[in-house]
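Undergrad: Pasting a structure below so you can have a look.
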Amino acid sequence: MDYEAIITNIGHFGNYQKLVLSFLGFFFMASGIETLLNVFITYVPEFSCVSNHTHGNITYNSTKDECHLYPNNETGFNTTDRTEGSIACKSWVYDKSDFTATAATDMNLVCGNADIIPLIDTLFMGGVFTASFIFGLLSDWKGRKLTECIVLVIQILCLFPLYFIKTSEILIVLRFFGGISSVGIFSTAFVLALEIVPLAYQTIVGLYSQIMFSVGELVVVGIAYCTQEWHLLSLVVAVFCFFLLFFIFGFDESPRWLISTGKQDKAEAILRKIAKRNKKEFYVMLSEKPCEKKTAAVNGSFGDLFKSKILLNRSFNIFFNWTAVNTVYYGLVFGSATLAGNLFVSTSLMAAVELAAYVVLIFLLKKWGRKPLYSSSIILAGFACFASGFVKIWAADIVWLSTLLLLVGKFAASASFAIIYNYTTELFPTVIRNTILGLSSCFGRIGSMAAPYIFLAGAQMKSKFGVGLPGIFFGILSIIAGLLSLFLPETKGCSLPDTFEEGENIGRKVKHKVNCEDNKGMVSD
């Protein structure tokens, strides 16, 4: 009897699974909190240069912009060009109506130091990129539970010092490791969640993880609203994560991982515990009957990908789509503070539409399949972002319209972001699946690291087109990705392909090649 049959027979989705998933939900929340934390830490409110600076017998004021002081002609400084003789501003006054203090205001990350903020966001995503390699290996080596504990400790150690730091250099380092912990805590909990439920429930469990992630985003907005000070905000989040250490005792190691590493006795003890909690009988002796699925040997390697034109083209298509989805999704996350209106309202709306997207997918994925939902979502995100960019340029006074379009863009981008992970695993054969998934993640992280600089490029443009540049760029990128995704095959109802031949035949009506029975759940590794 294989593991899938065992986990189904001992109460496929019983009390044990529900209890563990309730604990893991807090870890998904912690990832969402960590991800959106940057928005509040680096928030730049309205500001102005401290004016009436005097140097010698010349008085300067800042009526021209926020970053320079210009000579006041009343002092007798004779010039026809008021930019001549200007000096860089060294102190500013910040609007404190939303936040009394942020890292940006405390460290004056404006004007000449403004490029530090996108650097913080980029290195945060660099941490995410790094963690994609580290914690996958660590989780397979030392187990899911221990890895989750290690990641949580890293997260706590990155959060508590934020209460004390005074320099941007230390902030950059801490946010880099914050990015590492953000993806590590999510991915490890995600794998554990999938490994304790049968295939039929993996779609709902995967979406549950995304839902709790967006709930975490809403939670950090609430904490930020109550504290309105970045040191205190970081401290409250750190305390929340500290108490999660006790939640680790609420779940066991993954029995699937224990079996795969030859620890049948420990796996059997946990499976018996699951059966008892679910009020089922456990009758398989793993020590006598190794839990292995009998399958034919699958030959092939990553090098064979270059021999298959179909799969090679498909992989390039997927790599581009991962880049586009991550660029747009994280661009909208980091750019949520740039929406017009109140900071807390705008970030709450962005998180709420993300939550709504995941809930809607629960009802649509089984009916519509992966390809139509993914393609329509990413194209919709593109048109919404593109339109918002034009509205900001040509109709800047219609604030509600640009905000509405960006919310639609975030809704659609979140949906495509949730779909593409599982869609990728279903498009490639077993022998290269994890490699393709890892490479796809790398391309995606590169896109997310570039996203903050798109906003910086727009801000540094001297013309009115700068304010609409991010939306237009995200829109074009998304539409191109969506059109390319139309060349991908549908995988709904198809079991995972094992061989290159089966992978090539996905979506084709070829007998005895790919099993496309109407599976109940989304396939996931």
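Each Cβ is built from the backbone N, Cα and C atoms, and glycine gets one as well.
Summarising the annotation, TrEMBL assigns domain 'Major facilitator superfamily (MFS) profile' to 18-493. The transmembrane segment annotation in TrEMBL covers 20-44, 116-139, 146-164, 170-193, 205-225, 231-251, 316-337, 343-365, 377-395, 401-424, 436-455, 467-488.
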Undergrad: For the transmembrane segment (401-424), name the stretch out of 20-44, 170-193, 205-225, 436-455 with the most CB-CB pairs under 8 Å.
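TA: Selected stretch: 205-225, with the most Cβ pairs under 8 Å.
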Undergrad: Six or more residues out from either end of the transmembrane segment (316-337), which same-chain residues have a Cβ under 8 Å from its Cβ atoms?
TA: 35-36, 38-40, 43-44, 121, 125, 343, 346-347, 350, 378, 381-382, 385, 406, 409-410, 413-414, 416-417, 420, 424, 427, 436, 439-441, 443-448, 450-452, 454-455, 470, 474, 477-478, 480-481, 484-485, 487-488
Undergrad: Are the transmembrane segment (116-139) and the transmembrane segment (170-193) close enough that 3 or more Cβ pairs fall under 8 Å, when only pairs 6 or more apart in sequence count?
TA: yes
Undergrad: Any residues 6+ beyond the ends of the transmembrane segment (205-225) with a Cβ under 8 Å from its own?
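TA: The answer is 21, 24-26, 28-33, 35-37, 40, 99, 186, 189-190, 193-194, 197, 233, 236-237, 344, 347-348, 350-352, 354-355, 358-359, 361-362, 365, 414, 418, 421-422, 522, 524.
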Undergrad: Would the transmembrane segment (377-395) and the transmembrane segment (116-139) count as touching if the test is at least 3 Cβ pairs under 8 Å, pairs 6 or more apart?
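TA: Counting Cβ pairs under 8 Å (6 or more apart in sequence), the transmembrane segment (377-395) does not reach the transmembrane segment (116-139), since there are fewer than 3.
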Undergrad: May I ask whether the transmembrane segment (20-44) has at least three C-beta pairs under 8 Å with the transmembrane segment (146-164), counting pairs 6 or more apart in sequence?
TA: yes
Undergrad: Could you check whether the transmembrane segment (116-139) and the transmembrane segment (436-455) come into contact, where contact means at least 3 Cβ pairs under 8 Å with the two residues of each pair 6 or more apart in sequence?
TA: yes
Undergrad: Let me spell it out: take the transmembrane segment (467-488), skip the flanking residues so only those 6+ beyond its ends count, and list any with a Cβ under 8 Å from a Cβ in it.
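TA: Answer is 313-314, 317-318, 320-321, 323-325, 327-328, 331-332, 335, 371, 374-376, 378-379, 381-393, 396, 402, 405-406, 409, 413, 423, 427, 454-455, 457-458, 461.
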